[in-house]
């Protein structure tokens with residue numbers, strides 16, 4: 001019998017991360033420290049492939065090759081409707097989709113699901129996600145390696161330790177944070193309040209329909225292509 005999953009919202013964290021005052025026709029820029037390092041050389045995990053030993057994803061047509069965007073630097077503007085932080089652009093997807101379709105929609109934008117390279121990036125980007133909803137991020141823990149790895153896996157290597165982000169239950173353990181053989185994918189909830197600990201990350205079945213956060217980063221896309 002399939003388990004029934006109930007979303008329970010409890011008070012957790014919001015960490016502010018303002019937007020630099022934007023001029024009339026400029027891309028919003030998320031505030032960040034000057035010593036922020038860009039993404040390093042990365043390995044990209046293509047979860048659209050069916051070689052991961054999981055039934056979590058829906059069947060989708062094969063991916064089509066996408067051109068790799070030019071590198072993003074501090075002086076570049078992101079596309080309209082995107083935010084910029086360091087060497088990345090971010091798109092807050094407001095359509096509710098299953099994880100696989102959310103990942104595909106990011107790919108169609110020449111992007112990946114959001115992968116945090118630092119806690120500063122994690123806090124700044126989440127602070128501008130849609131409030132009071134769950135958003136897919138590029139973080140999963142598949143059942144085929146559950147006995148070997150306690151931590152979930154970001155969509156690229158070289159990212160922050162997943163145990164450091166704001167899980168619902170800390171210290172991080174997979175099962176108490178919703179993980180099961182049917183709930184492999186992590187989503188982030190961003191509270192509309194400024195109450196400490198009002199936002200959190202939790203595992204859900206990958207077929208549930210949530211919002212999502214896309215990230216366009218030239219280093220990640222080079223690894224993907």
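Note: Cβ is positioned from N, Cα and C throughout, glycine not excepted.
Predicted, not measured: the structure shown is a model, and the values here were computed from it.
Summarising the annotation, Swiss-Prot assigns disulfide bond to 106-214, 185-206 and lists sequence analysis as the type of evidence. Here Swiss-Prot flags 85-215 as domain 'C-type lectin'. Sequence annotations record features per position, and here Swiss-Prot assigns N-linked glycosylation site to 217 based on experimental evidence. What Swiss-Prot lists as signal peptide is 1-21.
According to its DSSP assignment, residue 106 (disulfide bond) is helical. For the residue listed as 'N-linked glycosylation site', the nearest neighbour among the listed disulfide-bonded residues (106, 185, 206), judged by C-alpha distance, is 106. Most buried of the disulfide-bonded residues 106, 185, 206, 214, judged by other Cβ atoms within 10 Å, is 185.
Across the structure, residue 206 (disulfide bond) and residue 106 (disulfide bond) place their CA atoms 16 angstrom apart. A straight line from the CA of residue 106 (disulfide bond) to the CA of residue 185 (disulfide bond) spans 16 Å.
Between the C-alpha atoms of residue 214 (disulfide bond) and residue 185 (disulfide bond), the distance comes to 15 Å. The helix, strand and coil residue counts that DSSP assigns across the domain 'C-type lectin' (85-215) are 27 helix, 42 strand, 62 coil. Residue 217 (N-linked glycosylation site) falls within a strand segment according to DSSP.
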